[in-house]
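What follows is a short report on a single structure.
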Amino acid sequence: MLTKTKIIALASIGLTQFSGYVHADTRLNVVSAGGQNMVDYVKTYLAPKFEASHPGVKVNIVGTGPGDAGSHKILEKLSAQKNSGLENWDVDVAVVHQKIGGEMVTDGLLAKYRSDIKTGTLVTRDSAENALGVNVNGYVMPMFHSQTAIAYNSDFIKTPPKSYDELVKWTQDNPKAFGYNGIKNGMSGVSFVTGWIYAYGTEAATLSSTPYNKDIATSWDKAFSELKAFNKNITFTPGNAGTLDMLNRGEIFMGPVWVDMFYSWKDQGKIPPSMKLSLIAPGMPGQPMYYVTPAKAENAQLAREFIEMATSPDVQAEGIVKRFNWYPGIDAQHVQGNLDKATWAKLFAEITPSDLSQYGKSFPIAPYFDDIKEGYERKVSN
Amino acid sequence: MRSSTSYNLWLIAPAALMVGLFFLYPLFFSLYSAITTDEGGLTLAHLEKAFELYSNDILFTIIIVLASVVLLAILSISIAALITLSPFRSIVSLLGFIYRIPLFIPFIVTAQMMRTFLAKNGLMNNAFIASGMLTPLETVSFLGWSGIIIVFVWKQLAFCTLLITGAMAALDESQIRAARNLGASRLRILFQIMLPQITPTIGVAMILSTVTIMSVLSVPLMIGTGTPTMIATDMAFRINSYGDYHVANALGLVSYLICAGLAWFYLRQSLKDKGAI
Amino acid sequence: MRNTMKHQLSLLTLCQSNKIRPSFWIQCVFILLFAFALFGPITNLLIWTVAETWYFPHALPSEWGLNIGTKSLILTVMSQAP
C-alpha cells in the first residue's frame, strides 16, 4: 500500500514537472513531409526567424519522411484525431505533397485560411487551386514548386535532346549513356516515366484532371512496349541521388533529376559545373509542396502568421530560391524584386520561365498515376 | 506452491505482454491482412498479384540470399579457421582485430560508402587504374546484383566470423591434439574434426544473416538498380506509392515463407545429425 | 574465459610445433586482400568526409575541406526529394 502511494506521488510529481515544462511557452507544432532538406529548411531557417519575431513561441518541427508516404502519415494522424472527436489537434502547420493535400481537403481536415493572410493574393498558379483534380482553393499555400528535368553533361553533349523523340534517338546512338532509376527508387524516375506516358500515351491535360476514365489506361500498351525497348539502351541508376552520383562520375551523361537537388549538388561541388538542364517536350511533371493548417489546430492564429511569414516575398526569395534552389511557391514576379540578378538568372538560365510554363506539367490524378506505375511494373519491368 | 506459481506468472507477464503486443500481434495482423480483403473476406488475390508482378523479384531475392549466405559461409569459416589454427600469431591477431570493424558500421552507412566505392568510376576502379591493373575502358560497375551481394557479405562477415570463431575456440582441444599427434594436416583437422562439431553455430549464423539480408531496405535501394529488385524494396514501394498494405503484406508472407523454409531445412539437418530422424 | 585462453595457448603451442610453413605467404596475401576489401570502402567514406569537390574524371577530390554544409551526404541520399 505504501509503495502504491509512493508511486502515485512520484507519478504526480513527474506529471506536474512535465506539464510545467510544456506550458513554459507556446509551442507551434510544424509537421513536414519530404526529405531531410525540407525539415532542415524549417528548422534552421524558418523557425529561428519566427521565434525572433514572436517572443515566447517555440517552433517544434517534426519530419515524417520523404514522398507521399510522409504526407500520408500526417493525413492518418489528423484523421485519427478527427475521428476521436478531439477539440484541439496537435498539428498547427503541416507541409504536405500535392496529392495528399487534395485528399485532406476532401476529408475535411483542413482550415480554409488563405483569405486570412496577406500573402494569399500573391498566388495565382493553377496548382494553388487544383490539386490533381481536387479543388483546394483557399486551403493551401504553395511552399515551393519542384520540377524534374533532364540533366546532361555539356562537355560531351553539345546539342541536348529537346523532346522525348529526340531523346529516344539519342539513346539509340549512345547506348547506356542515359540513366534513370526505374520507378521504385525515387520520384525522378517516376517522373520520367510519367512524362513518357504524356508523350506516347495520353496528354498531360487529360490525365491531370478529373473525371477518371479507366479505359484510357488500356491504350498505353504500345507506349509501355516502346519504353521496354528504350530501357534496353539505358543504364539503371540507384535512386534520385544515384542518378546525380553517376552523372558526377561520368558513368552516364544524361538523366532525369529534380531541379532543386541538381542545383544544390552543383553548388556543393558534387557534380561538375559543366552539368546543365533541359526540360524536354511535351513536358515532365513537377509538383508543389503545400503549407496547410488543420481545421482544429490548437494555435490557429499563430499558424496563419507562420505561413504568412513563410510565403512572404523576402522569405521566398532568400530561403526558397537562394538557399534551397526551389522554384518559388508564390508567383515569381513577386519574388524577383527581392533577388539579385545573378540568383535569378541562375534559377532560370537553363530552364526559362516560358519552358517552365510550357513543359512543366502536373502529376496525373491518383488513379491514373497508379495505372502508370502498375502498367510499368506489369509491362515494362516484368 | 500455488501462490508461487501465480507469482511467477506475474513475473513473466510484462515480458509476455511485450512480445504479444509488439511482436505477435503485428505478425498475425500482417499475415491476416495478406489473405483478406478490406471487408474481411478471405482472398488469394493479393498473393496472386504479388506473384504476378513480383515473381522475378522473389526469385532474385532468393538468389541474392543464397549467394550471399554461401559466400558468407566460405569466407567466415576461412577467417575463423585461420584465426584458430594458423601458426603465425602476429598476423592472425591483426586479422582478429580488423575483421570486427564492420560490426560497428550501420547498413545504411555501408551502402552509402559502397555506392561510391564500387561504381564504374568509383574509388576501387580508380585505384586499379592508378596502379596500372586496369585501363579506364575495362572498368565495370558493380552497382546492381553483384554490389548488393558484396555489401551483404561485407557487413555480415564480421558477425558470422565472430560466432564461428567463438564456437571453434570452445571446441575440446584434446581431439585436435590427438588428431595432430596422429599426423593430420590443419585442413583435415578443420574439415573432419572442427566443422562437424560447429555446424549448429554455422547454421544459426547463416539463418540470422538470411533474416537480416531479407529485411534490409537501404542496400537494395541504394546499390540496386531498379529491376529486378529485392522483396523489401517492393514492399516499401507498394506502401509508399499505392498505400497498398495488402500486397505488401502478401510479399511479407512470401519473405516469412522463405525464411521459414531455410529454418526448416536447417532444423531438419540438425535433428538428423543428432539422430532424431 | 580463462579456460578459453588456456585452450588457445595450448592450440598455439600445438600449431607452432609444425615445422613446415609453406602457407605463410598465402595467408599473408589472404589477409592483405581481406584488409583491402575491408578498408577500401571505409577509406572512401573517410575521403568523402574531407572532400569539398570531387567529380569525374578526378581520381581524388579536387578540393579538400571541412565545410559542414556539404557533409550531409547520407541525408541527401535518404531524402528522395522532395
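Just so it is clear, glycine is given a Cβ too, placed from its N, Cα and C backbone atoms.
Per TrEMBL, the feature domain 'ABC transmembrane type-1' maps to B:58-266. Annotation source TrEMBL lists transmembrane segment at B:7-28, B:58-85, B:97-118, B:142-171, B:202-225, B:245-267.
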I'd like to know if the transmembrane segment (B:58-85) touches the transmembrane segment (B:245-267) in this structure, counting it as a touch only when three or more C-beta pairs sit under 8 Å and are separated by 6 or more positions. yes
When only pairs 6 or more apart in sequence are counted, do the transmembrane segment (B:202-225) and the transmembrane segment (B:7-28) reach 3 or more Cβ pairs under 8 Å? no
Pairs of Cβ atoms less than 8 Å apart decide it: which stretch in B:7-28, B:58-85, B:97-118 has the most with the transmembrane segment (B:142-171)? B:58-85
Intrachain residues whose Cβ lies under 8 Å of the transmembrane segment (B:97-118), provided they are six or more past its termini: 79, 124, 141-143, 147, 150-151, 154-155, 157-159, 161-162, 216, 218-219, 221-223
